[in-house]
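For reference, the structure is listed below as structure tokens.
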Protein chains: 6
Amino acid sequence: MFRHTKMLQFEAKPEKPDAVYAHKLQELIGGAFGEMTVTMQYLFQGWNCRIEGKYKDLIMDTATEEIGHVEMLATMVARLLEGAPATATAESVKDPVMAAVLGGMDPQQAIVAGGGALPADSNGYPWNGKFIVASGNLLADFRANAAAEAQGRLQTARLYNMTDDPGVKAMLKFNLARDTVHQKQWLRAIEELEADGLETDIAPSALFDEEDQVHNNTIWHLSDGPDGNKGGWSTGEDRIEYLMDPKPLGGPGTAPKPDPALYATYSPTQDTVGTIKGKAQSAKNKLS
Amino acid sequence: MFRHTKMLQFEAKPEKPDAVYAHKLQELIGGAFGEMTVTMQYLFQGWNCRIEGKYKDLIMDTATEEIGHVEMLATMVARLLEGAPATATAESVKDPVMAAVLGGMDPQQAIVAGGGALPADSNGYPWNGKFIVASGNLLADFRANAAAEAQGRLQTARLYNMTDDPGVKAMLKFNLARDTVHQKQWLRAIEELEADGLETDIAPSALFDEEDQVHNNTIWHLSDGPDGNKGGWSTGEDRIEYLMDPKPLGGPGTAPKPDPALYATYSPTQDTVGTIKGKAQSAKNKLS
Amino acid sequence: MFRHTKMLQFEAKPEKPDAVYAHKLQELIGGAFGEMTVTMQYLFQGWNCRIEGKYKDLIMDTATEEIGHVEMLATMVARLLEGAPATATAESVKDPVMAAVLGGMDPQQAIVAGGGALPADSNGYPWNGKFIVASGNLLADFRANAAAEAQGRLQTARLYNMTDDPGVKAMLKFNLARDTVHQKQWLRAIEELEADGLETDIAPSALFDEEDQVHNNTIWHLSDGPDGNKGGWSTGEDRIEYLMDPKPLGGPGTAPKPDPALYATYSPTQDTVGTIKGKAQSAKNKLS
Amino acid sequence: MFRHTKMLQFEAKPEKPDAVYAHKLQELIGGAFGEMTVTMQYLFQGWNCRIEGKYKDLIMDTATEEIGHVEMLATMVARLLEGAPATATAESVKDPVMAAVLGGMDPQQAIVAGGGALPADSNGYPWNGKFIVASGNLLADFRANAAAEAQGRLQTARLYNMTDDPGVKAMLKFNLARDTVHQKQWLRAIEELEADGLETDIAPSALFDEEDQVHNNTIWHLSDGPDGNKGGWSTGEDRIEYLMDPKPLGGPGTAPKPDPALYATYSPTQDTVGTIKGKAQSAKNKLS
Amino acid sequence: MFRHTKMLQFEAKPEKPDAVYAHKLQELIGGAFGEMTVTMQYLFQGWNCRIEGKYKDLIMDTATEEIGHVEMLATMVARLLEGAPATATAESVKDPVMAAVLGGMDPQQAIVAGGGALPADSNGYPWNGKFIVASGNLLADFRANAAAEAQGRLQTARLYNMTDDPGVKAMLKFNLARDTVHQKQWLRAIEELEADGLETDIAPSALFDEEDQVHNNTIWHLSDGPDGNKGGWSTGEDRIEYLMDPKPLGGPGTAPKPDPALYATYSPTQDTVGTIKGKAQSAKNKLS
Amino acid sequence: MFRHTKMLQFEAKPEKPDAVYAHKLQELIGGAFGEMTVTMQYLFQGWNCRIEGKYKDLIMDTATEEIGHVEMLATMVARLLEGAPATATAESVKDPVMAAVLGGMDPQQAIVAGGGALPADSNGYPWNGKFIVASGNLLADFRANAAAEAQGRLQTARLYNMTDDPGVKAMLKFNLARDTVHQKQWLRAIEELEADGLETDIAPSALFDEEDQVHNNTIWHLSDGPDGNKGGWSTGEDRIEYLMDPKPLGGPGTAPKPDPALYATYSPTQDTVGTIKGKAQSAKNKLS
């Protein structure tokens, strides 16, 4: 069960409105790596965690914080939109910079949300449940978490460079810091899983013996770039082998004879079509 | 530019058809972490890579391999569907196990694809471009790659346990092995980025100094689980501090006065609604 | 900012597992009127509320409760899936009822979530941000809230009839009760908006005078059903008029002459194509 | 079965083109509460209506009208786009206001539709079937209808304020009027359902006795706003009780022991991970 | 403007209910080539048609018919679901064939629609606006129409083979016939466009002279199949040339130097990374 | 299996950057008829082809080429974005034309892709698997291919007119040419299918005799346009008959009595609601 206080985790006050920036900031709310994603990702991971204690508690602490991040950003967007020329008509706008602002606004922030944030990204695409990862395997999921926090911090950093507003920058500095610590904690938690003997470096550790023991250590050279084998991965005792001219291991990829009731095109008396011209019983004849 | 051979990278021949399994196998084709995802993820990363040489070449080698994995799985699905009772009617099915097979099939594999694979997951949801990550920052992207390969191998391992067919199991053993080496190579490439001085452990490394230096090393205890601070992340010199009773840093989250032309509900003469009953100029009056 | 306790708002313990029911229960988690929808709908409405006090506080109280409902349902799903025959192979299943269970399971609950809930509906379609409504106009939004709670309670009632499990039924009785009070509170809040003089019965109350005063009180009879005008809406002083044989008020719906650079099919010398055969300068001639 | 006349229900002629406005107007065509939504919502409700007579006829009359509204708006968009600088190049545009128009246009109206309307909203997101509600329960559905008409009229009112064009304003005045009468008719039809004894104020009326009779009349105070209990809903004989410091009713939300074949992270010999460091049988050991 | 009669275009009465078939029939309602698609495709094409007369009238006649097809199918689904064991519990089902029926039903037809049709396909994916094509170019659009009718008839034929019910088969025979005539009419209309000199065989006919005149008549042999040049397309006066060993015409595909403010990984002093190990100014150093 | 060379199929070098055009060019990458669509459409058609030889080889040759087209366009987008004012702030932009450029950029190309292409269309909607067609019936699929190439070439032609850049125009001339030959080859392949006796002009040719032989040759006149019967399709020996005043063939479209456990609104004692006022047992009474 959850409780809420009206106090924001960190202040979210722009010095002045900026409707074009409010448009871009949607990416951090409802984008694939926005705050809605980490909120839901950590909540579902926590609820589905099969092991009580430090891991689950860390997940739930972080999940609960992230709901508050959506709150900060939604508040910031509403404030950035204050006084936005949402209803200025093309006709009435004589100032070209104002005209450009009109073009750069998110029409739905005005028409749909009445001057507020949307659960969508900076191109208006709605947040959806496929953005999250919660598999029950903590190694696989913590990797996804570290990756999500990295993408999220990267996008925050890009957006940090797209504004001069001291209020916005102050909040984003806080967000950058939180993304940093979250990246760090998931990386540390991955080490912990191994230290606890729960997982190894390959997720999931099971089935490792059963899998093909040759093909799990070779890189297939299938693009003509000459340098793939010049990385550190090609050196050392545990190097990965680079197959420079790999050959297919399987036979031709063919599909079986179709079910006639599904009407895939097929010539029942011949394997290949190249030779059947003139011989086939014309389906058209059947129609006449 | 690309070239194709009909030979499959690895053999994809089931011992016998299994329409219910063909349904489940869709997850590895068009699911969020299926082969279409890694194909497109690596292709876009490669095309957008800003640094020629070993990294880009490794990406393109792997991307090119993955297209062939979609091919193997699509071929396998078509073969698993051979002779499927796609057009058996509910009426005609007297054998209850066969009836159950009918219920467990993917209707679109028959109706839409004519007995073949779909670019969709095991619930029929189509693959989409939001499944991929290609940010231009190689640390952030390689993390996402290692995470995707981990989820992909996990799903492959689960599916490996859902079949007894030796032909299917043989192909999945190969796939497991490829997922293992791909996990490994992205982890090694992450180390390489640091060794090359291109990125550090936090993505992106830039803006680190500018971000808040207190808030980037604290975990906020916001869920009542008592054990969050008992992990390795809370120990050692570079430990992360656990704030056991954190307080909000910001003020109340309020939205500004709305633009009247957008008709958000608002009482212009009062801050709070709780006290205005009876006083407000009824909007209804204006209508009469 | 939010805080979390591990205690569930209400108990969520099935008497025994039921994987087919766990599949159906997804509708209440990630469906269009599931708990994720009301959570996000109320959160965005609250954050975007322009009037401090009783309305906003009611919204935020309810929003915060709903996050806990997703938690209850996700927990229930994980428990219903305990011991599910997720990895039973078609081969190994001899019991026809068990075979049917296999067909009725959600493949992604096993393959993707490892035996847990998904942020998706009962057909595997992911929850998305278009499911919510948060316009800033409280009358329009409270109507949407009452409607959402009605659909949600209806679906809960249907699902209540699809199980015999006393543990599941106990939780759903609680959910039904919460949906009842939430329906009631939004209906009461709609009355309050009018009592406070903030909104009238038509949303938004503004522009009412400016709109067409004839066409805002007529129903157009455009389907041959004879009884549309036999409802209470056709009687009384404030009856709505039924136009029994309405005529179009506008002229023909035509599209203007196209921009040649966009290549819409058009004959520049003629208005209608019916008469130009043989006269037109063949575009094909230009090619030869 | 349906029939069509070319005459529009109301005139749709702008005084002059306005490509930026044509972009915004997409919201009323293919947005979540646009005309495609009410068209399909009413059609499916009508086709699925279980009770012949006045309700079904009212639904079908309104559904049939709405198809014509999509027609009016699509025609208006095509006319607003006449002569739009769709193919002006960035290079050639020297006039800054014209440059801004280019930025504010919907690229797909030109590239995809050749200067016409799209079945999409003002951010280019396509209309989809999840936007509609048709449950078979008329109370729940009429509530959804009144809510949809309220959101639709709100958006129309916002768009009315975003143009000066007399032709556009004339059409939108008609649309506002139709939205008004449709709101009114669904509200009246809700009263009628109760008068007919078919439904009560809570949807669905069934299961009411069976649900928890305490929890269906309490609001849980879970956010620190002090005013939630100051509304009319907290007064009078049928007041809803405000629980000022509610406690969770359930136990901790835990997930059961996982199926080993699904590889959720789990320590089989311990309940909590916090104490197992050093003891667990390392999965890694199994690999070596 | 549209009008509606309750009479169906053709009878839609199954001999008896069949809930599993009702699930599959969704494909013809809300699938990518279902009746909702052709309805909306033809409506938007008609509204956007730039040339009055025979073409537009044919489009609008067909569009109007298709709305009635959705109606027939939705009615059929509701009837097929009559008496469906929607609320039978897993517990109560002892008959294995009945158990299988439960598994094969669409859960949302019961939970969401109350025993009726959904605007979705046979996997529960909602219909969306991207399924339609309306470009303004009649040749391109009529090709799309003929293609859509072909896919639609193919799916109808497959579904025809999946039922024994005489009532369903009668309706599908009618549908097959309508799909046949619609295929035929669009093929005839394509011929008419050429006869009228409005379009040629390549859409759009414009820009033909300007395009590359060598590369518009060669097939690149990029897959090792030996038979691509054995078709009729490789013979005759207007044959297409088969380039058996084509070489890339462009240089390497490289991306430019990135904007530093976007943090793509890049080494400013070197073109390739392979040689910079040890030399690069470590970004990490900057952090310490 | 696939192989890749870094050399582009054709050169992709703009003369200078143009961020607004890079936004529009997304349509050709990830739009419904962009290069990702034809890539995946042909790959799935090829993998699912049931007839070895010339058809399958032609499909696979073309599929393989199309992957390279995505590559060319993605490379072009990255180059067009070089030096784009992605991080210019609204504040800092004084030049109105530059301001307009900011408004016309795709925010995600900067924030998400770091200055590169996205797997999305020009409105930011992600590519998805529903864009493709691969039914197994070659006639139906080749029609879809010819239609897709026509729409693709049309969009390319429109985009060709939206730029003055000689480098972009050169690449688009090549693309136009490839679209031309691909249109041509699928049209030729359709003729070949008939020549080979594999399919006729109506897809699928099967079931033709069984379908209704009257209704497969009539156009229903359901819109008041007078000219639908003035086309070539209404003349000649194989003319299609125009039914000028068609009557419905079916009875009224009614839905059956609902399952009470699903709570559709229904009056069990009456067929129509119009007469039951006052008589019905009030559901409300049951609650009191």
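Glycine is treated like the rest: Cβ placed from N, Cα and C.
TrEMBL does not curate its annotations; it predicts them automatically.
The shown structure was predicted, so the numbers you read here are calculated from the model rather than taken from an experiment.
Feature annotations, reproduced from TrEMBL:
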- D:Glu35, D:His69, D:Glu149, D:His182: Mn(2+) 1 binding site (BINDING)
- D:Asp57, D:Asp61, D:Ser223, D:Gly225: Ca(2+) binding site (BINDING)
- D:Glu66: Mn(2+) 2 binding site (BINDING)
- D:242-288: region 'Disordered' (REGION)
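Mapped onto this structure are the features recorded in TrEMBL.
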residue	record	DSSP (3 states)
D:Glu35	Mn(2+) 1 binding site	helix
D:Asp57	Ca(2+) binding site	helix
D:Glu66	Mn(2+) 2 binding site	helix
D:Glu149	Mn(2+) 1 binding site	helix
D:His182	Mn(2+) 1 binding site	helix
D:Ser223	Ca(2+) binding site	strand
The rounded CA-CA distance in Å from D:Glu66 (Mn(2+) 2 binding site) to D:Glu35 (Mn(2+) 1 binding site) is 6
With CB distance below 8 Å as the criterion, list the binding-site residues among D:Glu35, D:Glu66, D:His69, D:Ser223 that sit near chain C.
D:Ser223
Cα distance, D:His69 (Mn(2+) 1 binding site) to D:Asp57 (Ca(2+) binding site), nearest Å?
19
On a C-alpha basis, identify the one among D:Asp61, D:Ser223, D:Gly225 that is nearest to D:His182 (Mn(2+) 1 binding site); the candidates are the binding-site residues.
D:Asp61
Same-chain residues at least 6 positions away from D:Glu35 (Mn(2+) 1 binding site) with a Cβ under 8 Å from its Cβ, in sequence order, are D:Leu28, D:Ile29, D:Glu66, D:His69, D:Val70, D:Leu73, D:Gly152
Name, in order along the sequence, the binding-site residues among D:Glu35, D:Asp61, D:Ser223 with a Cβ closer than 8 Å to any chain A Cβ.
D:Ser223
Name, in the order they occur in the sequence, the residues of the same chain whose CB lies under 8 A from the CB of D:Asp61 (Ca(2+) binding site) and which sit 6 or more residues away.
none
If you draw a 10 Å sphere on the Cβ of D:Asp57 (Ca(2+) binding site), how many other Cβ atoms land inside?
26
So which of the binding-site residues D:Glu35, D:Asp57, D:Glu66, D:His69, D:Glu149 end up next to chain B, with Cβ to Cβ under 8 Å?
none
Roughly how many Å lie between the Cα atoms of D:Ser223 (Ca(2+) binding site) and D:Glu149 (Mn(2+) 1 binding site), rounded to a whole value?
31
Same-chain residues at least 6 apart in sequence with Cβ under 8 Å of the Cβ of D:Glu149 (Mn(2+) 1 binding site), in sequence order, are D:Val38, D:Asp179, D:His182, D:Gln183, D:Trp186
Taking all protein chains shown into account, the Cβ-based neighbour count within 10 Å for D:His69 (Mn(2+) 1 binding site) is 25
Using the centroid of the Cβ atoms of D:Glu35, D:His69, D:Glu149, D:His182 as reference, list every other same-chain residue with Cβ within 8 Å of it (recorded Mn(2+) 1 site), in sequence order.
D:Val38, D:Thr62, D:Glu65, D:Glu66, D:Ala148, D:Gly152, D:Asn175, D:Arg178, D:Asp179
